[in-house]
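Asker: Below: one structure in structure tokens.
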Amino acid sequence: MFRLAVFLCALCAVSWGFLCLRIVTPGKWGGRPANCSSPLKAVQTGYVIVLHTAGSSCKTGAECNQQMTNIQHYHMNNKGWCNIAYNFLIGEDGKVYEGRGWNTEGAHTYGYNDISLGIAFIGDFTGRSPNAAAWIALKHLLHFAVENGYLSSDYLLMAHGDVSNTISPGQPIRNVLKMWPHYKH
């Protein structure tokens, strides 16, 4: 199995010209067990909401692991939620960090929590865009989601501020998303 994964990653790097999707599970980033049980309305959702966490960014695995535990602590202890609000989070280390995962309802965008994947860039991006590694990770995550039936091939991609009265995920992110084919506002 390991050899197959290495082969597929190498094939991915050759075919697409950049690194493969790397998802870090809660067990690897130091997450606590979640208390969430509400599933998304459909296994194959048609919406993706892109957000930012509005806190500190991270550029190394150690920094991102720490940010993930900080976010989980804040969301569970201060907000009283069952886990991190987002389905996935992306660090500037180029990795995707699992929050609630594929099939669990989020707590990120009122009216969309049960029908969308909430994907947050780790950090505050009101004044700058995430680095290239983070954008590549988002592209890989979306491609993987479509290829594995978690996301409809005709999904709609939206910024958090497109459907909620917020500045999240910041204008620099919105400027990039506007150029993507699935973006809708």
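Keep in mind that glycine also has a Cβ here, set from the backbone N, Cα and C atoms.
Remember, predicted model here, so these are calculated numbers, not experimental data.
Okay, these came from TrEMBL:
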- 1-17: signal peptide (SIGNAL)
- 21-164: domain 'Peptidoglycan recognition protein family' (DOMAIN)
- 32-170: domain 'N-acetylmuramoyl-L-alanine amidase' (DOMAIN)
- Cys58-Cys64: disulfide bond (DISULFID)
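Walk me through where these features lie, including what they touch and how far apart they are.
Answerer: As a summary of secondary structure, the domain 'N-acetylmuramoyl-L-alanine amidase' (32-170) carries 38 helix, 31 strand, 70 coil according to DSSP.
Residue density at Cys58 (disulfide bond): 25 other Cβ atoms are found within 10 A of its Cβ, drawing on all protein chains shown.
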Asker: Over all shown protein chains, what is the count of other CB atoms within 10 A of the CB belonging to Cys64 (disulfide bond)?
Answerer: 23
